Amino acid sequence: MGFRLALAWTLLVGPWMPMGARNSISWEVQRFDGWYNNLMEHKWGSKGSRLQRLVPASYADGVYQPLGEPHLPNPRDLSNTAMRGPAGQASLRNRTVLGVFFGYHVLSDLVSIEKPGCPAEFLNIHIPPGDPVFDPHKSGDVVLPFQRSRWDPNTGQSPSNPRDLTNEVTGWLDGSAIYGSSHSWSDELRSFSGGQLASGPDPAFPRQAQDPLFMWTPPDPATGQRGPQGLYAFGAEQGNREPFLQALGLLWFRYHNLCAQKLAREHPLWGDEELFQHARKRVIATYQSITMYEWLPSFLRKMPQEYTGYRPFLDPSISPEFLAASEQFFSTMVPPGVYMRNASCHFQGVINRNSSVSRALRVCNSYWSREHPNLQRAEDVDALLLGMASQIAEREDHMVVEDVQDFWPGPLKFSRTDHLASCLQRGRDLGLPSYTKARARLGLPPVTRWQDINPALSRSDGIVLEATAALYNQDLSRLELLPGGLLESYGDPGPLFSTIVLDQFVRLRDGDRYWFENTKNGLFSEKEIAEIRNTSLRDVLVAVTNMTPGALQPNVFFWHAGDPCPQPRQLSTKDLPACAPLIMRDYFKGSGFGFGVTIGTLCCFPLVSLLSAWIVAQLRRRNFKRLQVQNRQSIMCEKLVGGMKALEWQGRKEPCRPVLVHLQSGQIHVMDGRLSVLRTIQLRPPQQVNLILSSNHGRRTLLLKIPKEYDLVLMFDLEEERQVMVENLQSALKESGLSFQEWELREQELMRAAVTREQRSHLLETFFRHLFSQVLDIDQADAGALPLDSSQKVREALTCELSRAEFAESLGLKPQDMFVESMFSLADKDGNGYLSFREFLDILVVFMKGSPEEKSRLMFRMYDFDGNGLISKDEFIRMLRSFIEISNNCLSKAQLTEVVESMFREAGFQDKQELTWEDFHFMLRDHDSELRFTQLCVKGVEVPEVIKDLCRRASYISQEKLCPSPRVSAHCPRSNVDVEVELTPWKLQCPTDTDPPQEIRRRFGKKVTSFQPLLFTEAHREKFQRSRRHQTVQQFKRFVENYRRHIGCLAVFYTIAGGLFLERAYYYAFAAHHMGITDTTRVGIILSRGTAASISFMFSYILLTMCRNLITFLRETFLNRYVPFDAAVDFHRLIASTAIILTVLHSAGHVVNVYLFSISPLSVLSCLFPGLFHDNGSEFPQKYYWWFFQTVPGLTGVMLLLILAIMYVFASHHFRRCSFRGFWLTHHLYILLYMLLIIHGSFALIQLPRFHIFFLVPALIYVGDKLVSLSRKKVEISVVKAELLPSGVTHLQFQRPQGFEYKSGQWVRIACLALGTTEYHPFTLTSAPHEDTLSLHIRAAGPWTTRLREIYSPPTDDNCAKYPKLYLDGPFGEGHQEWHKFEVSVLVGGGIGVTPFASILKDLVFKSSVSCQVFCKKIYFIWVTRTQRQFEWLADIIREVEENDHRDLVSVHIYITQLAEKFDLRTTMLYICERHFQKVLNRSLFTGLRSITHFGRPPFEPFFNSLQEVHPQVRKIGVFSCGPPGMTKNVEKACQLINRQDRTHFSHHYENF
């Protein structure tokens, strides 16, 4: 086997060696890591192998938990009791100090367990209160930290496999303290020139320690000096611990180079590798010989048995008992100081740190010293070696000097520690057996009494044994191996220690096939072996120091009488300077301020982003003003005369809007940027006007208080501009004959004194409720309470009167409508141009409670325009035109004339040109007046054709389904009737001659003999509950009902996110003990890791909410029933908001982590981050700024926080409205965001990267969706028509691109060029697929749609610029195309869900009008809305459908729900007037439609039942509902109930909005 390995080595290194080297290296070169020193077990003795016990382990749990208090005494107490003693007692055998430190050097060559284990475990030593060294202030809370050593992870699993520590160096006597324990370490020590080890500037010294050579570099406990400067590169990590150990390392360094130089002279053809290997094997052999045959006998006073050859079955592994015995015994012989002398026996003085001179080097002040002033030259090192050779060590007993006991280099934050107490803890960490068990296991005689441990000690100092026995409760079986072995030692190691040490060295020698005496390994010849055996340490010293042999005694490990250079005296602590005291290190010292500034800076990121956004907003506002000035110069030449620009303050929660104030005679006009009039204020005497000016903040605010109006607050850029406005106002008020008062207030008080439009509307709403409660007998609780505030502002608001414009707006009509003019003029009794509450109340009383005569008289007075008591034909025509205007209908003048002539002729007034009130009342009574009252009927005369056509309805109400009370129904005498019609406010049947199944046959003079099935459409009205609790419960139920899909999806999403958080949090809290990080930062790591998992999930899947093409596709699948794809943007915002909150928590967790990492010692950090830190004993961790700015996760994390702060601030509602371009540009930082996220987690600082697990799939889908969007061309479109409709709806009609095909019900994305070419918003197309243009109805519900409405406001003249163009992208979404597959279809639209049906209705009518083959014969459209005010634009489309529906295909029903809850003026007027005015021309007053407007909820089940009666031949009816989930759920429930019957099947299809 040896031959084969030698051959393999030769083949491996041969090609790279010089020819001479290949010929000279004839042996198998020994590895540096200890492998293959034993061919039986290759790993024995290798670096990293476990320690091999001589005695079974003794742990508390039998596995790994060490024994401790109270079972065993406190280590510090035991150290003080059994091992404290005075210094200055010489060795009984005259052993020298050189032998002591040579023993430490040999021990460093054989074993090293100083590296802490991972995860970090601590066996801290509690210091008894009042300890003179460590607790002089008697605090009682001092703890000396002790970290357990590294162990084999394959051990410590069970009592049969207890924990075993690992050896960090080779377990062979192979010179690893000289050459290192690995090939790479050795390479760092070599110079690769002449076979020598690398030296520094001085050839006598090696080069200094540096990376990647990880020398042990703790701070100097005496001075606090840190770093590798002044420390040399040795094979042993702790070779620089003391100058004395360092001197021995320098000795062997110089000896190797001396051998290499000698070999180079003898063999000039050898190369570097050959010289190095020959010198190395010679040095190792010499080191083995000196250790085994010179030092060991001097240490044990025993010679090992003769070497008999290599024994492959002998396990040479180091035992923990050997480590404890040897190290502990060495410590008893360490003196308090060490002499230095030259070759002429001159013991020189030593320079201390304070420049004083002392007899010797103080040991306690020499630990880890750097650039020692007494060891600057090679001669100084020689002097130290000579001094140690002549100095007698301390006595070999149980006592230890204070330099070792109290002032040993301390770990972690302590500069000092008790070495003996630490050794005791180390023994417990090793699981060492008790003293008695060890003796028994090693075959030594048992000890049964404390005095038998050391009879000599019992006689001379029995108090020590007694005190020790007391600490162990007189139980000898508890006595530990270390104190027991020390107590039995006196002059020589006791029997236990001697047996352990001798056994270990014999096994090391006999189990090593590379031992220099093994003649079979080919290393040395017999002659060379004999030469090596004859080489002593004295020979080495003489060779290296170039001194004469007479300067040293023959055996440098002893000094006997007559030997050269005796020491002056046995050193004691009195002869030496005091030890530097204990220093508590503060790792965070000096970092508090910077750490706080860093955290404050991170917290200021949002503020900086806010400041940036504010600057951008200001720049945008300034540019906007500049553009306004430029535009107005060309557009408003005439208009600017007497006008001034300003900002109107609308309230604290409302944004200021730029306006133009134009003063005219008797009026103040407030206009927007396109000169559309926003408000007109009438100036009529005798009003008292108050003018309030601000006195601070630049004196640029003005408040105009005019009675009967809400206040006008204007803000100017400069005080001068305000002054000009004040002067103009004063002139205008004087011209109008108005008196005014002027005073000043602070701007804040001025704002509080202003009555805003919103405040007035709230006050008037409550007041209106009380008015209607009196008229309609509504419960006062439903009407609401009047404000209790009695301030001047409230009193002024309650005395306000409605202007003509406000009156029209409250009715939802245009101010110029004739109906508004007529009613306003009639109600304005005092003629002051305003309508008081009492005046309006009088009108309401007549409408609601007046008799038919009173109501007809009111109508007569309304339309008696000239007030002469007569209504002419022209005035009658104007009356009809007023109703037509209300209906937004367009009838020609000829048609109106025909209607009037027919009505006059039927009443017998064909010869009259004017009507008195009696004539007017008779005409209405005889013809259509019945339609205005509750109990009237039409008699004897056929309805005129024009009225018949207008009266044709698509809805019928079955009297069988209604309560036939006398108040709501009336029957005329049948003998006088040709056609009987039931006419009530709730049910109406009009004759029609279309649609054969519904035809009613009319015969003059005959009754209706055939029964016609009628459709039940009566609304189901629910009592509105005013109880706050009931409202809250109902609101919650409706919320859950309407958003059940949203709630379900959110529940799933946040359950996953929460599960990820909990999984990571649980893992790091309870399952990551092997990492040890939770012991360092429990809260911080749980918070940061848990949030990191959730953030990874959220930031990944948030991309799916922006995959518009995918969402468009999925909306057309069954998934749309479970996932609200239309809420993707809202979901995007919600995820983003949650993610930013978690990001803040994640950052907070890492702030805690950084702080704790900054105060954690390097030994702990090297366990937590083995790829980032190497424990070199320096203890000091990296500063906080290193974690923040010099690590990849830290730096990317800071950058991510900055990017997120920018993105989130600019994405907020306010700044998105101020500068959408800023939002768009900053939101494109998401690319950099995801790049940094990937980099942030890829460093694997705490755990392996996991972000890609969540990110990969959504990213691929998102990229694919983006590519689809990029492949689709966006078309630029010109706007053909723009119209501002009531309730903030803007109607845009624009060109249809060539090849643009879509289905009714689909939607598009548009971008207005004036608002930015990159901001797209989705809207449903309200045009039909057959139309040449595309149309949208856009409600101003947000900042973008509001600005769109302003941009497309109607121009004031023909010279204004054309409308801005649009970008069109689409179409998207689901087309509701299934309706045409049913002979009868029911379309149910609720809320915004009516939008897709607008296109469908128009499409159906068109196909019918062009005789297109359409299977569908009848469509019932049910429009359910909270108030029709929100969707007046749909009424226009329905009106268009009605007028084009010549085949009576569409039947429309409108249901307005929750009247009492809404209860505003307009809805209340609708409730009062609808039943009276909808009968005029058979149209609704407010919708302008022929359909009846119902108040309540649609009765779906009765409606579907009656539908079966109306269409008995239809076996399958399609029901399509679109709107809130609550409505579609009711439709579904009704369909299911009807489908239980064996009749018509109702197939329900729904889509929720």
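Note: Cβ is positioned from N, Cα and C throughout, glycine not excepted.
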The candidate from Asn94, Asn1176 that Swiss-Prot records as N-linked glycosylation site is Asn94
Under Swiss-Prot's topological domain names, is Arg752 on the same membrane side as Leu1225? yes
Tertiary contacts of the topological domain 'Extracellular' (1160-1190), defined by C-beta under 8 angstroms and 6+ residue spacing from its ends, are 114-120, 147, 214-219, 226-227, 237-238, 411-413, 585, 587-588, 591, 594-595, 598, 1075-1077, 1080, 1154, 1198, 1244-1246
For the topological domain 'Extracellular' (1068-1082), what does DSSP give as the number of helix, strand and coil residues? 9 helix, 0 strand, 6 coil
When a 10 Å sphere is centred on the Cβ of Asp828 (Ca(2+) 1 binding site), how many other Cβ atoms does it contain? 19
In three-state DSSP terms, Asp828 (Ca(2+) 1 binding site) is classed as coil
Would you kindly list the residues that approach the topological domain 'Extracellular' (1068-1082) from elsewhere in its chain, counting only those six or more residues past its ends and only Cβ-Cβ distances under 8 Å? 118-121, 1089-1090, 1152-1153, 1156-1157, 1160, 1164, 1167-1168, 1246
If you run the three-state DSSP split on Tyr834 (Ca(2+) 1 binding site), which class comes out? coil
Residues in the topological domain 'Extracellular' (1160-1190) grouped by DSSP into helix, strand and remaining coil: 13 helix, 0 strand, 18 coil
Would you count the other CB atoms within 10 A of the CB of Glu839 (Ca(2+) 1 binding site), including those on all shown protein chains? 18
Within 10 Å of the Cβ of Tyr834 (Ca(2+) 1 binding site), how many other Cβ atoms can be counted across all chains shown? 21
